[in-house]
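Asks: Structure incoming, see below.
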Amino acid sequence: MMKIVTRLAAASALSMLASTAFAASLTVGFSQIGSESGWRAAETTVTQNQAKERGIDLKFADAQQKQENQIKAVRGFIAQGVDAILIAPVVATGWDDVLKEAKEADIPVILLDRQIEAPDSLYLTAVTSDQVHEGKVAGDWLVKDVGAKPCKVVELQGTTGSSPAINRKKGFEQAIAGHSNITIARSQTGDFTRTKGKEVMESFIKAEGGGKDICAVYAHNDDMAVGAIQAIKEAGLKPGTDIKVVSIDAVPDIFLAMAAGEANATVELTPNMAGPAFDALEAYLKDKKAPAKWIQTESKLYTQADDPKAVYDAKKGLGY
Amino acid sequence: MIRNRNLPFAATVLVFAGIYLLCVLQFPTMLSFRVAGNLLTDNAFLGVAAVGMTFVILSGGIDLSIGAVIAFTSVFVAVLVRAGVHPAVAFALALTLSTAFGAVMGMTIHYLAMPAFVVTLAGMFLARGAAFLITTDSVPISHEFLDMLKSLYIQLPGKGRLTFIGMVMLATFVIGMVLAHRTRFGANVYALGGSQQSSELMGVPAAATTVRLYALSGFLAGLAGLVYTLYTSAGYSLATVGVELDAIAAVVVGGTLLSGGSGLVLGTLFGVFIQGLIQTYIVFDGSLSSWWTKIAIGILLFVFIVLQRATLLLPRRSGKAVAFTPIPRGG
């Protein structure tokens, strides 16, 4: 309480100054879901960095995984008269009313990272990745890497029924369709976790003649890939050479594995959703031209040739 | 002159006014009908549930099931409406169900002489589990009837709105105040919270009062669920986790004695407002961690518990028993 009181006192003295000094710059409210994963924390950091670079005054509200908190935050932003609102929605439903209020107040809303079930006239645009495309990029890399040689792939799926698991599987299958030398021999869920990834990989290795027959492992996220690398090492094989490792997300740890030659490729789910969002917003505010309703973020492929150590160093400070 | 027993309530109002003043000093826009309207709308479901919690705590009990009942009600209604049932029918069904659920908990507490904590904890798991059983998805609902309810708002100056659910909350508080301070049932609740044995000696029907009490809390939790459904136009089984704790905090910060027997329903409204205000301040500031809300509420809770202890222990002017004092006037 004391802290808040002193802050209040100091801030109220400053507020006069502040309101004149930054009169020209944009104020943007950002309602974040929470910080449930490393990626989410990185998204927050990147958003704050992006805002700082552009001289945007970012009002940040962490919803602690609760939609009611997000709605409250958005209402608060509207009452404050911010210039725009970014929302990373915790669920797909229940946004119509508060978005209508934002629209009536003429405040553009941009969705980050997830889509919602509401008429698309209620928001300016949504910035998300394309999960099918992510799987496809991973698959394309493998197709190129193995060439015409036969290749038996084992797949570590995400949580059964989750949309990234379904979509990343679909994209990968699209990429290898028409390349009969590449087959998916086994596919099982590793629940997006390291321990489950390791366990499932161990059983794959046992089932496939001690792992000699496996040419590559495709994991729906990096964490499972890191687990799989461990399992491969324990089976006496060399990950990255005996069994190729390709996964999705591009979290810092996979770059360490890549630098050590133990992982081959990863597809980035960029935490920089705010960059494209701010670009679209600034363009919109400048000449009132509405962007497309969906902005797809780049699903960048990283391989051992991309100086993984440097990427690791750049990423490790983001809060992953 | 403020009577001793109303001291916590006066403190609550003072704290509320103080916090609002500090907020307005820093952000002048917080003194607007818009923010006031938001405060009512955004906290409507918490407020409705907190009225029920006030009665339960006044009687010396506790109800941990309300967050789960809110989620269950919202999912139940959403799924029924999706299946083609008219919302009004779904609302009635949901309220009947939640009231019965509360009554059964009340019966268990009284006839099996079980601690309310344990019984309502079981109720919490039961209701949350049932909500997940119905569906784990978030189910959107849209219906003309719901749109009609939502269109019943009063336009305030400065684009503020007194929404339908805001009005529901205010009405719940008014009815709760009448029930607590002007009826036999209310008097019995206060007596029960003072001391169960002596209240029985006085002829307070403990069984009927306990069952009605938890039925009321169940009903209001159900109503809060309907308010939440209107608020988000959706039912979601993961929603409102921990709202029972927010409600308890609102009741205690509102000046009600956690051990029962003393407090005002109106105090709870201010308890809800204080929580909402701190959240609004944090959003307006935009750089504070939202977890400051919890810290501030924690400190306020602590201060109020100490304050209540002090007012009870220090000047025992009006005889020894708080429970036997007449029902507080108005509220």
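All residue numbers here begin at 1 and follow the chain in the order shown.
Placed from the backbone N, Cα and C atoms, the Cβ positions cover glycine too.
Found this in TrEMBL, in case it helps:
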type     : residues  : note
TRANSMEM : B:6-27    : transmembrane segment
TRANSMEM : B:39-58   : transmembrane segment
TRANSMEM : B:64-81   : transmembrane segment
TRANSMEM : B:88-111  : transmembrane segment
TRANSMEM : B:117-141 : transmembrane segment
TRANSMEM : B:162-180 : transmembrane segment
TRANSMEM : B:211-231 : transmembrane segment
TRANSMEM : B:291-310 : transmembrane segment
Asks: When you look at the transmembrane segment (B:211-231) alongside the transmembrane segment (B:88-111), do they share 3+ Cβ pairs under 8 Å, ignoring any pair fewer than 6 residues apart in sequence?
Replies: yes
Asks: Are there residues at least six beyond either end of the transmembrane segment (B:211-231) with Cβ under 8 Å to its Cβ atoms? List them, or say none.
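Replies: Beyond its ends, the transmembrane segment (B:211-231) has Cβ neighbours at 41, 44-46, 48-49, 51-53, 55-56, 59, 61, 63, 65-66, 69-74, 76-78, 91, 94-95, 97-103, 105-107, 109-110, 141, 146, 149-150, 164-165, 168-169, 172, 185, 189, 192, 239-240, 243.
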Asks: Take the transmembrane segment (B:6-27) and find every residue of the same chain, 6 or more past its ends, with a Cβ under 8 Å from one of its Cβ atoms.
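Replies: Sequence-distant neighbours of the transmembrane segment (B:6-27): 253-257, 263-264, 266-267, 270-271, 273-274, 277-278, 280-281, 284-285, 300, 304, 307-308, 311, 328.
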Asks: In the same chain, which residue numbers or ranges, 6 or more beyond the ends of the transmembrane segment (B:162-180), come under 8 angstroms Cβ to Cβ?
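Replies: Answer is 37, 40-41, 43-45, 47-48, 51, 54-55, 58, 149-150, 152-154, 156, 186, 189-190, 220, 223, 227, 230-231, 264-266, 268-269, 327, 330-331.
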